[in-house]
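As recorded in TrEMBL, the features of this protein are as follows:
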| type | residues | note |
| --- | --- | --- |
| TRANSMEM | 31-55 | transmembrane segment |
| DOMAIN | 47-298 | domain 'G-protein coupled receptors family 1 profile' |
| TRANSMEM | 67-93 | transmembrane segment |
| TRANSMEM | 105-126 | transmembrane segment |
| TRANSMEM | 147-169 | transmembrane segment |
| TRANSMEM | 203-231 | transmembrane segment |
| TRANSMEM | 243-263 | transmembrane segment |
| TRANSMEM | 283-300 | transmembrane segment |
Amino acid sequence: MLTSNSSSLIVGLTPERFILAGIPGMEAERIWISIPFCLMYIVIFLGNGTILHVIHTNSTLHQPMYLFLAMLALAELGISASTLPTVLGIFLFDATEIDFNVCLLQMFSIHSFSVMESGILLAMAMDRFVAIYSPLRYTVILTLPRIISIGVTTGLKSVVLMAPLTVLLQRLPFCGHNTLSHSYCLHPNLVHLPCADTSINNIYGLLIVISTFGLDFLLIVISYVLILHTVLNIASGEGQWKALSTCGSHICAVLVYYVPMIGLSMVHRFGRHLPPLLQPTMANIYLFFPPVVNPIVYSIKTQEIRRGIVHVFSRKRVRG
């Protein structure tokens, strides 16, 4: 048990602020670096916002596939909104300090929306499996109440799983170590700063990764194995291609989400001797690449979304 003296010592070693890093070695070019980040945020909010608007205003898109797509867009907007204040603050105003509690809140938000996004990608894989395996029972299985319950359960799960991480970090002493490697607060970065045993934090963090990202990815792979098996039993080649084409956008979304995430995890665990620029670069790819790419992919490859976007802009042009 902690004595009162050791408890006060730990409180005293809790930093008031963390120091955020931009891109190592490019501090002098921060204004120029802010331009691509601003453009990315514009694409993210405009692209995902447009998809949400199209699905909301077009009643023909109130189907399971598009409702899950709307959830995916919301999760990606949540991740981007969580990083925006500190990223633009660093590159536009050289604001590199963040309050300790605000940092924990940002960490909680980023990871919660990430867990949520992983769960939604799994739900979208299950949606494609049901649509191909049992198309006649598709609307019977994936009813609106069931879709809503999947979305709510996914959101609650992410919050419940991530909340203990903030508590576990608050109890640790930092001994003056308060410099982060990113432009935002991530748990794999924060957990390396305390000057005490962080085995509980590491074990719990690993359990979250295995029970969410790992399990979700495994079930997505199983879903696509079953989808492929079902498609191969379709007699006509045209029917096979038509069935697989409905999965193209989702396969792209899975790849652009999990490949950078796996790369970032490897860098965090085994990249201490790699160039310092690699870690923030991988983190930026992981957080910014999916919300930039997914709206573009779904707008190009999904005919109904493309028609909805054209309809929205043509209607605004007529009104103008």
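Cβ coordinates come from backbone N, Cα and C, glycine included.
Heads up, TrEMBL stuff is auto-annotated, nobody curated it.
On a predicted model such as this, the values are computed, not experimentally measured, just so you know.
Nonlocal intrachain contacts for the transmembrane segment (31-55), taken as residues 6+ away from its ends with a CB within less than 8 angstroms of a stretch CB, comprise 22-23, 61-62, 66-67, 69-70, 73-74, 76-77, 80, 84, 87-88, 91-92, 288, 291-292, 294-296, 298-299, 305, 308-309, 311-312. Residues of the same chain lying 6 or more positions beyond the ends of the transmembrane segment (283-300) and with a Cβ under 8 Å from any Cβ of it are 40, 43-44, 47-48, 50-51, 69, 72-73, 76-77, 79-80, 83, 110, 117, 182-184, 186, 249, 252-253, 256-257, 260-261, 263-264, 306, 309. Mean pLDDT of the predicted structure over the domain 'G-protein coupled receptors family 1 profile' (47-298): 91.
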